[in-house]
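Before any comments, here is the structure.
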Amino acid sequence: MALEGMSKRKRKRSVQEGENPDDGVRGSPPEDYRLGQVASSLFRGEHHSRGGTGRLASLFSSLEPQIQPVYVPVPKQTIKKTKRNEEEESTSQIERPLSQEPAKKVKAKKKHTNAEKKLADRESALASADLEEEIHQKQGQKRKNSQPGVKVADRKILDDTEDTVVSQRKKIQINQEEERLKNERTVFVGNLPVTCNKKKLKSFFKEYGQIESVRFRSLIPAEGTLSKKLAAIKRKIHPDQKNINAYVVFKEESAATQALKRNGAQIADGFRIRVDLASETSSRDKRSVFVGNLPYKVEESAIEKHFLDCGSIMAVRIVRDKMTGIGKGFGYVLFENTDSVHLALKLNNSELMGRKLRVMRSVNKEKFKQQNSNPRLKNVSKPKQGLNFTSKTAEGHPKSLFIGEKAVLLKTKKKGQKKSGRPKKQRKQK
């Protein structure tokens, strides 16, 4: 029995050694270590390494993982994607394959927050504001073509605008010169009857030269909807209007000067026309008189009769409203000579149709404005009233206007006040 027990123990030990042959630490003490035991455990087959359960085998065994690890993207990349601009995202989406586009677009939309949307809106608003400012600067920089920052296209636009402005100025200057030359060939004809037309007027002036054109002015249409041009063509004139004016343009300047002979002639009963050059204004001021406080319904014939005694009258003009044709209450009388003007000034405060007239010399508006603007001219025309050089004293001697003497007199008065204290001292001494 004892032998059988010993054999059983030996068998158990051998079985344990067969199950764990590599485990030199557990099964055998450190004195039983054999050379090459570690190397043999390292270079053994897979089935031996998997089957071993000892400590040494577990340390040096390299077991392959049965499940492969799942690779998760780094969180930094997601942060960069959120901070990218819309343009970079669009370019990256174009480069990606078509199969991956829809899934990633959905992710990008989900990742955008409200704050990011607000930032994008602000950036777009700032970009639009910058564009508007650039447009305004381009319009305002007409004189800054020489700057290096200006683009070539902008310079071309500015040059074109300057060229148009210069061309318009040249056209205006040319038109002014043409009008000036045309005015020298033009004759003003006033106080024409309403029934007068172009044929009658041309036949009246045809003996002096060829007529280029005839224009009627100071027409008042019968209806408010009609223009003056249509009223002149259709002859639909206001019934209260009795006279009109016209301009006759000759082809030669000599013909216009000869046509002045018709000034004062009667073209119809009660209508004495006045003829004058359109360019002549200076000589008219010296021979004309301003008449104010006129009745509103007065006619030229009544004013002419009132000033007949002063001399031969060349023309009478009443200033009327352009829309209604009613007189504004003042007018002008043009005489043949300047001597008649002195006689007409004596008719100041004379009555006409129950109104006292105000008669004055006719003054050029430009000269009158210059006198008002220059105070020196006013002082020259009006001498000071305070200085009378011919005034005399009661003794008959002229007064001395030397300012220094007056100042000395004032000083002597002050000295006299001081002297007034001296006799008091003398009285005390006495």
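Cβ atoms are placed via backbone N, Cα and C, with glycine included.
Marked as region 'Disordered' by Swiss-Prot: 1-55 (among others).
If you look up Swiss-Prot, you'll see SER14 (among others) marked as phosphoserine, on the strength of a large-scale study or a structure entry.
Look at Swiss-Prot and you will find 23-34 (among others) tagged as compositional bias 'Basic and acidic residues'.
Annotation comment: Swiss-Prot describes SER28 (among others) as phosphoserine.
What Swiss-Prot lists as region 'Disordered' is 72-123 (among others).
Residues annotated as phosphoserine in Swiss-Prot, with a large-scale study or a structure entry given as evidence: SER99 (among others).
Here Swiss-Prot flags 113-123 (among others) as compositional bias 'Basic and acidic residues'.
Sequence annotations record features per position, and here Swiss-Prot assigns region 'Disordered' to 134-153 (among others).
If you look up Swiss-Prot, you'll see LYS151 marked as N6-acetyllysine, on the strength of similarity to another entry.
Taken together, the residues in the domain 'RRM 1' (185-280) have a mean pLDDT of 86 on the 0 to 100 scale. Positions annotated as domain 'RRM 1' by Swiss-Prot, on the basis of sequence analysis: 185-280.
The SUMO2 cross-link annotation in Swiss-Prot covers LYS242. Here LYS242 (SUMO2 cross-link) comes close to PRO193, VAL194, GLU299: these same-chain residues lie at least six apart in sequence, with C-beta atoms under 8 angstroms from its C-beta.
Summarising the annotation, Swiss-Prot assigns domain 'RRM 2' to 287-364 and lists sequence analysis as the type of evidence.
The phosphoserine annotation in Swiss-Prot covers SER288 (among others) and is backed by a large-scale study or a structure entry. Around the Cβ of SER288 (phosphoserine), a 10 Å sphere holds 21 further Cβ atoms from the protein chains shown.
If you look up Swiss-Prot, you'll see 365-395 (among others) marked as region 'Disordered'.
As annotated by Swiss-Prot, region 'Disordered' applies to 411-430 (among others).
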